[in-house]
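Presented below is the structure to which this report refers.
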Amino acid sequence: MKFGIVARRDKEEALKLAYRVYDFLKVHGYEVVVDKETYEHFPHFKEGDVIPLDEFDVDFIVAIGGDGTILRIEHMTKKDIPILSINMGTLGFLTEVEPSDTFFALNRLIEGEYYIDERIKVRTYIDGENRVPDALNEVAILTGIPGKIIHMKYYVDGGLADEVRADGLVVSTPTGSTGYAMSAGGPFIDPRLDVILIAPLLPLPKTSVPMVIPGSSRIDIRMLTDREIILAIDGQYYEHLPPNVEITVVKSPRKTKFIRFTREIYPKYTIRIKERH
């Protein structure tokens, strides 16, 4: 059994806990590698165990941080590696374990007392080319000039779904429905569902509303504006695009895999949504 460790880089408590996890696994005889960026912020790991995140080839990743740490893992790893997520963030919609339960959770993982929670992702094509990371939460198309709306049409499976004048458009997975899409007026979607949410950002007029479509759908977005736009993936990756670009979003063949110890969705999600607001 081989483990990878990734920690939130700006929080000393997360880095120290990462080292304790590393030491625990090494003492118990497991092979462990550590993310290079984690090591650079806390250089106490054995240097021979340090590799770049995009080279991880392990059975499990222990992620110590918040949702941002998980998104970094998902954007950089090349394989769908199950993630045990330890919450060192704020709300931690994606995380599973509180820091005080870290070693109890590791023992359960080692004993095989867990299940894999698979989450869909979406893939983006820019003029037919896939050059950006898959999104676990959302793809956002945003105005490149604050205060200036963008004009676009979007099609679902070839049919015109809406023509929108807005600050942008969010295409979200169920996992991302508690994030940017919810701020745009979208609903909470149970993460077990195979659907995609499309939500305009501050549309004019307000007759353009969020819609939920089958996960198998293809969304084609065509710009009718003459100004630059910004493409944002999970709030982590950004690219400026010319006004005549065509963007296509589909469900990715890849999935995010989380280590879970309970199949309970409620009340965890509803409580955290209320905490957020």
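In case you wondered, yes, glycine gets a Cβ from its N, Cα and C as well.
Per Swiss-Prot, the features are:
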BINDING   67-68, Arg72, 137-138, Lys148, Arg165, Asp167, Thr175, 178-183, Gln236  NAD(+) binding site
ACT_SITE  Asp67  active site, proton acceptor
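This view paints the features noted in Swiss-Prot onto the structure.
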residue	record	Cβ contacts under 8 Å, 6 or more apart
Arg72	NAD(+) binding site	Val6, Leu53, Gln236
Glu138	NAD(+) binding site	Val122, Val170, Val171, Ser172, Thr173, Gly176, Gly179, Tyr180, Ala181, Asp234
Arg165	NAD(+) binding site	Ile149, Ile150, His151, Pro203, Leu204
Thr175	NAD(+) binding site	Phe93, Leu94, Arg119, Ile120, Leu136, Asn137, Pro191, Thr256
Ser183	NAD(+) binding site	none
